[in-house]
Amino acid sequence: MALSSKLMIKCWLLLNITFLIGISTSVGQLTNEMYYDNTCPNALVAIQQAVQNAVLGEARIGASLLRLHFQDCFVQGCDGSVLLDDTSSFKGEKNSLQNANSLRGFELIDDIKSTLETMCPNVVSCADILTVAARDAVVLLGGQSWNVPLGRRDSTTASLDASNSDIPAPSLNLDGLIATFARKNFTALEMVTLSGVHTIGDARCTSFRGRIYNETNIDPSFAESKRLLCPFNGGDNNISTLSNSSINFDNTYYNDLVSKKGLLHSDQQLLNGLSTSNQVIAYTTDNESFKRDFANVMLKMGMLSPLTGSDGQIRQNCRFINA
């Protein structure tokens, strides 16, 4: 990548992070990680220990937590709405097109919430738990840490319709991806960085069947190996790793794309634009730059429309609003 392109990427990120730091300390907004120091001083340690134990038992849960956080923030903002079960008054987000039979990690969030409710009742929100847990999962799998502004409150409703419309689908072309992320105030370059979440975790056969059977911009041996996991008919819930890394948070995902081994149609689309392909190529040889940029853009994502002050509530159970 040319020097000017690298400088452009860094300037975009610097401007966004400077903006976020500026608003994170304002009245009624999120504050720094000392938010719970007086009300629940061991909260962050408890979350970290629970995530660490879970990841040591099953590394895949780290990717599941990160995805939960993403799916939460892209619908109504980072308000814990994705954790709500269906009720008679609304349909939750767990059974939306991108989430049904796919999202994992709810039980771990339940366990963490139960622990914190015992330690300090009615203090730590489910939205903050999910945001911190996602950060801790990335770090445990090899990614770079970032400070998580705290003070989110929990929503009292969820939106199945918004989950269906706002979460980027694996079938999207590049223009669709750019438009979807732009609606959340992310640039095309930040979209490429956030897509690096696919360096860890798995995908269901239904998400990539069309790519491995119908597309030509795919490595033939790679496609054949995935067809063994995902038959043309049946096996919808069979899973494949999203990258050759799977449980190590690094730049393998971008190297896979350059080798035409992107699992999802939407992944391989990142090479279809000049600026996005340049950033993909840059990340293939600069693992540390990817990790640093990812931490910065995750900080920005965690600031999407949080409920603060008197808005929302602190749920006692992450699955249900308070009675």
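Every residue gets a Cβ built from N, Cα and C, even glycine.
The record in TrEMBL pairs Cys40 in a disulfide bond with Cys120, which is drawn from Cys73, Cys78, Cys120. Each of Cys126, Cys230 is a candidate, yet TrEMBL gives the disulfide link of Cys205 to Cys230. Among Cys11, Cys318, the one TrEMBL lists as the disulfide partner of Cys126 is Cys318. Per TrEMBL, the disulphide partner of Cys73 among Cys11, Cys78 is Cys78. Apart from the site residues Asp72, Val75, Gly77, Asp79, Ser81, Glu93, the chain places the Cβ of Gln71, Cys73, Phe74, Gln76, Cys78, Gly80, Val82, Ser155, Ala158, Ser159, Ala162, Ser163 no farther than 8 Å from the centroid of the site's Cβ atoms, the recorded Ca(2+) 1 location. Over the domain 'Plant heme peroxidase family profile' (29-322), the average per-residue pLDDT in this prediction is 97.
Looking at Cys73 (disulfide bond) and Thr199 (Ca(2+) 2 binding site), their Cα atoms lie 20 Å from each other. Considering only the recorded positions Cys40, Asp250, Cys318, Glu93 (Ca(2+) 1 binding site) has Cys318 as its nearest partner by CA-CA distance. Long-range neighbours of Ser81 (Ca(2+) 1 binding site) (same chain, six or more residues apart, CB within less than 8 Å of its CB): Asp72, Val75, Gly92, Glu93, Ser155, Thr157, Ala158, Ser159.
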